[in-house]
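If you check TrEMBL, you get these features:
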- A:Glu433: active site, proton acceptor (ACT_SITE)
- A:Thr150, A:Gly189: FAD binding site (BINDING)
- A:28-144: domain 'Acyl-coenzyme A oxidase N-terminal' (DOMAIN)
- A:286-448: domain 'Acyl-CoA oxidase C-alpha1' (DOMAIN)
- A:486-661: domain 'Acyl-CoA oxidase C-terminal' (DOMAIN)
Amino acid sequence: LAAPPHRSLQSDGVNPDLASERLTASFSVEKLTARLDGGAEHTRMRRAIVEAIESDPAFSRENQYFQSQNERYEAAVRRAVHLQKKMREMGWTENGPEIKYIYRWLSGDIAFLLHRVFMRSISVLGSDKQVAKWIPLATEHQIIGSYAQTELGHGTYLQGLETTAVFDIATQEFLLNTPKISAMKWWPGDMGRSATHTVVFAQLYVHGKCYGVHPFIVQIRSLQDHSPRPGVTVGDIGPKMNFEHTDNGYLMLQNVRVPRENMLSRFCEVQPDGTYVRWGSQKINYFTMTTVRISILSDEVILPLMKACTIAIRYSAVRRQSKLKPGEQEAKILDYQTQQQKLLPQLAAAYAFHFINIYLHELFDRGYQEIQGRNFDSLPELHAFSSGFKAMVTQYCTSGVEICLRACGGHGYSLLSGLPSLYTRVLASCIYEGENTVLFLQTARFLIKCFMAASAGQPIPPSVTYLSSAKPGKCPAKDKLDFLSPDVYLKAYEQMAIRSVTKLQHLIQSGAEKHEAWNQCTVQLVKAAQAHCHYITVKIFVETVEKLDNKAGIQKVMKHLCDLFALHGIFSNAGDFLYDGYLSGAQMDLVTASYLDLLAVIRMDAVPLVDAFDFTDKSLNSALGSYDGQVYQRLYEWAQKSPTNQQVSPAYGKYLKPLLQNRLSKL
Amino acid sequence: IAKGRGEEGRPGGTARRGLQREGVINDPDFQHEDLNFLSRSQRYEQAIRKSSLMVMKLREHGIADPDEIYWFKRTCLGPFPEPFGLHFSMFQKTLETQTTDAQKEKWLPLVRGVNIIGTYAQTEMGHGTHLRGLETTATYDPATQEFILNSPTVTSIKWWPGGLGKTSNHAIVLAQLYTQGQCKGLHAFIVPIRQLGTHEPLPGITVGDIGPKFGYDEMDNGYLKMDNFRIPRENMLMKYAQVEPDGTYVKPLNDKLTYGTMVFIRSIIVGDSARSLSRACTIAIRYSAVRHQSELKAGEPEPQILDYQTQQYKLFPLLATAYAFHFVGAYIKDTYRRISGDIIEGDLSELPELHALTAGLKAFTSWTANAGIEECRMACGGHGYSRCSGLPDIYVTFTPSCTYEGENTVMMLQTARFLVKSYTQVSSGQRVTGMVSYLNDLSRQRIQPQHVAARPVTVRINDPISLVEAYKARAARLVEAAAKNLQAELNHRKSKEDAWNRTSVDLVRASEAHCHYVIVKLFTAKLSEISNAAVRAVMTELCLLYALYGISKNTGDFLQAGILTDTQVNQVNQHVKELLAIIRPNAVALVDSFDFHDVHLGSVLGRYDGNVYENMFEWAKKSPLNKTEVHESFHKHLKPMQAKL
């Protein structure tokens, strides 16, 4: 497999400080890239798609950092429309293998992502008849859809939604209303300006009885002139930290009527006489919600961390500051231990999460097979996994991106570094698809239940059997090298996770979930869930490394990263590991020593390890992180393109001149 | 309850300032559209308008006292940066302190009257905190008695100075001085950059704006490139070092004096940390009292999210931290004032410790506040992500303080250098004084083989004074460990610099522990000064929460050093939870005491009246995307797309 042109070692103009980093790689970058893509053929396909998109000027990201919210939105709509054309030209389809690479590249710049959620929700929640009616219209973009669940007053807690849908037998319609201000739909993407239709989640009332939250298809804008339909108040919710290309919207409904057939009725239906019928199992629907949490991880969460690491590590190899030895050239900041301690654990985490993500997808694919066969046994475990890992990975990656941003000093603060937009984007993931604290508590609930079941001798899912294997003991490590043994650190993580759960013994004995008692323990419950997820992540990383081919140096460098990820976790949470003496204070010093040694080892491969992520310069869109390392030149060129330098600011003539001259004349 | 104290630390000034504040806030001249809806250029223009107006008002009211100016500026401009900021701070201050009498006479009237607008151009594209690496040159030409200024490389282009891009017509430029063929190091020069009257860049000067940033939209951070640009010899600031007409260089007498300004600026950042975190806490805590969600008990109404333990655990330790930092900020400011007096008298003895302490505290407080602001934003869920919450703005405005005026990690290492030096002194039998005097105890321990950490500290977890001792023991242990590791590296025949680098993670930890101890100590000391019993009671709760939460987040240090047992760690965690419940009823009152006006808070979520949802709707309606009922992109893109199919 030949290296692609964008990262050839021969290419002229690569900053020597970056070129030298690549000469000493201990492994084959190209082979690792192929491993990350899941095979060389996937790498080839991905590169071909990226090339097709990047060579099309309609998708250019140039000047993106200079655009206003209005301009970003309009460009996103323009690109979304252009993409339809492009897909036909290229022969790409919505269900094809290319689609994930297309959206991976475009997702921060393109409208109608919620349109896809709209279609998916109709496919999953709609009857065959509804699917037949709406999906062709949506596929052809005759209508543009959104997905209106969250309200001003309620987010993760769905039962609290306040929008109402009252069935009117006389006209066979539902009457939708926003009874108060907090019931206004708030945040749905594509809804503020673009959507013609949306799926509205509302409390269903029939004959005065409430049947809970149900989905309804509601037309919100005219298909002729795009004006809001009667009774509909709709608009954009205003500027946010990011997602400026998306018209997140508000929606108020006043006596808006939709036909009975617009309630999505795969699982339940209101019959013409008002009888409410429920059939089938909604568990499959529940499963869909759960998979969404996992599906965002790769592109929306782990990818930004990989990009941030790429930018920060390349920049740290180019930036020289201060001298390590008198008389020598200034040192690369990547050679400072404190800089390594900031960046390299983030790099290790990016790899750890890449592997846990693969594991979760396999788990969910298996789960899906079982559910298809009407076996719902694995559902609670899958739910607990998706909640806990969504929360842990989003939280960790968000903080990781911010560390990368701040590790780039002043230049990281410039939008041109690309880091602020990566950060503001990834941090939204801590909130959407379920607020993280709430999700951790769901995982904790599962752990407590399993532990209780295990204590009562009942069978528990394989991922948590370790909870019943608690044996008091001490860590056997005697030397710092002992901590490079996965058995040693895995055991320490396992003990720590068990302890975090069993510490909640009193809660468990009290029968659990007595509401007040539960609320009194939530801080510890969150910790227990985190400990569990952290342990599983280390475990999967270890297992992945064991399975890796020991060719081309890949297994060795991945083992280093795995050790670093594990030891950094112990170093950063020392108290949890020291508590009850599983690790002694002296052993903690050995952990620290081993951890610091690893930084120096991985430092040698740091640049090749981010090169392996294989981001093109255009997808990074960073003046600091480009492959050639020509940081300062690019920063200067890009800054000159800023509109502030292109236009004459009216401020001088209007305010400064009078201020300065007024006084001169008085002197 | 602690009204006025939190915000300004100056009881008595509150009422008058309140009146002044109302005056400015209601002044129609200072009104403008919500900044969130403006483009960057528009925000810059608004800032210039308000700054110009403010200068006029300062003249009108005859305000001249620096503290008064600072307060008035904050009132006029709110928490936002202003393009004139560096004119009043660094530009003016440098000209006041580093010029000869003749230079003062020439420049100061122009500066004070804002006849010229100046900035301070130090940072370059390639160098920030490491000043010696700056590359701009100023070469003396005795033939014309001029300095020739040059930016010899791309990396030497001045980059970041506020107000440089579009606003200023002068800059103090830091450059490597060359005279008689020798480099004499960094010196300051006053350089005209734009034509008076037309504001066009002067020949030889390339100047502009560095483009969009995370925040600071109001500020025209700029770049400056100089090509053989000549200035007269008199434009070098010559109070200390001088270049004589023939090119002879006269050395300065004392270079420690520059410490003073740095201490001052860093102490301001400690205060900023407190203020920014207080603002974020105010918003998050008020909103959490308004937001109802989910259920605690089946069948009951949805509780305020402030009643959830996890929410309290996120917010109340930050509230305690905000109060702690207020007291620390006030302490440093007072100490600086006191020591500045000594400096003028020629007594520099206390300066090194104060310099080391402010470096560390600047880093400690700005890191903590930075993370705390984000925690507050996250605690507001989705709505915290909207610009209407005001939290994104607080964050993006505050976060660069982790980098500017000294990058935080470098600051921590400066403090560590002082700590290691003090430790070495103690080891060689000398005594040290001030905040590091706990290191003296180490020498008494020396006779025993065990290290200091093994010394049992009887910690009473309900007693702040006892907790100060626990923090002290932790700091001593980590300073000792870092110093010993450094020595071990040196014993491996590593060069001094290598050894230092290989110990720097330990050194930063030691500095953090030292700063943490200082803050707990200062907070605890403050308690006895509070005369009102009710205020003292609630401050004691916050102080305990601050100290105990800090332990629970760093249990590893306390367990490893044997300062606390497992059982005590459990008690600490338990007590933290009890304190959350105790503080809960006072939470809103405690943020009300910060006394931020709604206009300065700039947050729909944090409004004093708590009418959050209605006002979010009102705010959103003004969004630029809502200017027309049907957006133009419908006609441009959507309609043609649908027609084609």
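Cβ atoms here come from the backbone N, Cα and C positions, even for glycine.
Features as recorded by TrEMBL, highlighted on the structure.
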| residue | record | contacts (Cβ under 8 Å, 6+ apart) |
| --- | --- | --- |
| A:Thr150 | FAD binding site | A:Lys185, A:Trp186, A:Trp187, A:Pro188 |
| A:Gly189 | FAD binding site | A:Leu113, A:Leu114, A:Ser146, A:Tyr147, A:Phe243, A:Thr246, A:Asp247, A:Asn248, A:Gly249 |
| A:Glu433 | active site, proton acceptor | A:Val292, A:Arg293, A:Ile296, A:Lys390 |
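For chain B, the nearby recorded positions by a Cβ gap under 8 A, listed in sequence order, are A:Thr150, drawn from A:Thr150, A:Gly189, A:Glu433. Secondary structure from DSSP puts A:Gly189 (FAD binding site) in coil.
DSSP labels the residues of the domain 'Acyl-coenzyme A oxidase N-terminal' (A:28-144) in these numbers: 85 helix, 0 strand, 32 coil. Annotation note: A:Thr150 (FAD binding site) sits in a coil segment as assigned by DSSP.
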